[in-house]
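Copied from Swiss-Prot, the annotated features are:
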ACT_SITE  80  active site, nucleophile
ACT_SITE  169  active site
ACT_SITE  171  active site
BINDING   225, 226, 227, 228, 229, 230, 231  ATP binding site
DOMAIN    3-196  domain 'Glutamine amidotransferase type-1'
DOMAIN    197-387  domain 'GMPS ATP-PPase'
């Protein structure tokens, strides 16, 4: 199978880039920048991409590659830091100069990367720039294929060596299909990668992999959340293992309104019986007095595993399956040490070393949209596939600060009102994710001519294709007013409702 490998130097957009390539029906995998050359060559990649990153190539301890990689006859595309690295390795100078951020006028010249964009002489457009360093002059044998006012060397090519560089990010600069065209030219025309990454093929490969990984007499325990990921995984595992799968739904006390009963009914309709384990008191006890969001996530994660470990002893299982997907892995610990951890995900962070079960994560290299597509192939009802994502820690990360039962009940009620109104207005499927957040701050209001001192609820709705980046959803004033009025009137403890208008980045989708 053809594949493109991305060496990750720490860009926050590396995995957006991987998803863009997979959308071309070509498999793409992200590896740490310091992956040994021998391991890279064993993968037999059709092409390599050096990602962007936060470092400067002229820094003493900046990430570097084995220069023998340039003699492997593998097409290489450097993006931002990746281009600067190629330029430096071939003798050019990189220095800090005038910064360029945001949409910038740029000129493209004829080149293999720009086929279909530049017919004869030049193509003028705007592209999103985000860099502090620049290549001063192209290395020997390279020629310039793009320039901007403050970055004369905005793209370079050395066709004979199949080396290419872009100072901008094609994966996030696509306002007119430009980035998609550039990536398609590299992947399909320069690397000549075949289109073998198709969801029907993925289903068969995953089932085969599960059968190979799990012994013939071994059993698997799956924790259900009712969300897209665990629902798809449940059906996938059932198809692969049959009755050797045991599904357990843990009631953490941090779930949405009526979640337990809804999940039971959903899976019974699919022919899957589930065991419900009420561990809510345990979770509230362990979280008592804890305010730090990272600590809360890790406590929820470790408690979750302990509950599963206890249940597993009565079921004689050897494997614990989790619906971890690529974005969970990315946000918990980027695939290289050049970036910082944004937040731990309960599926992959805080796992105790004494875990008594082997870990099975069949979906960990699939993006959310790929999981949804897999669900359709598996025949899941639309109600499963179109459901908004729900964080593993549940409402534990939607109650800011200390988690108390009364706070959870308030946000649970507010969230159900918000979702109900979205569905009534036919907006639920038009936003990617929507929820309410409890803020442990009180403000003054007037209810029934009396002074009222109540809590604040924040509403958040975002639009995103991959959840690596997201834009806040511009819901109408009339709609938000309706939601606010219902929440304040129906929940006595609440006196104020606000709407979150923060994009990701800089904000994350969840507040904690």
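Each residue's number is its place along the chain shown, starting with 1.
Here the Cβ of each residue, glycine as well, is placed from N, Cα and C on the backbone.
Taking CA atoms as the reference points, residue 80 (active site, nucleophile) and residue 169 (active site) are 7 Å apart. Around the Cβ of residue 228 (ATP binding site), 23 further Cβ atoms fall within 10 Å across all displayed protein chains. The recorded positions considered are 171, 229; of these, 229 has the fewest other C-beta atoms within 10 angstroms of its C-beta.
Between the alpha carbons (Cα) of residue 230 (ATP binding site) and residue 171 (active site) lies a span of roughly 29 Å. Each residue contributes its Cα atom, and for residue 225 (ATP binding site) and residue 171 (active site) these two points are 32 Å apart. In sequence order, 249, 255, 259, 262, 263, 266, 387, 390 are the residues of the chain that are 6 or more apart from residue 226 (ATP binding site) and have a CB within less than 8 Å of its CB.
According to its DSSP assignment, residue 230 (ATP binding site) is helical.
Of the recorded residues, residue 171 (active site) and residue 229 (ATP binding site) place their C-alpha atoms 25 Å from one another.
Excluding 225, 226, 227, 228, 229, 230, 231 themselves, the residues of that chain whose CB lies within 8 A of the CB mean position for the ATP site are, in sequence, 224, 232, 233, 323, 384, 387, 390.
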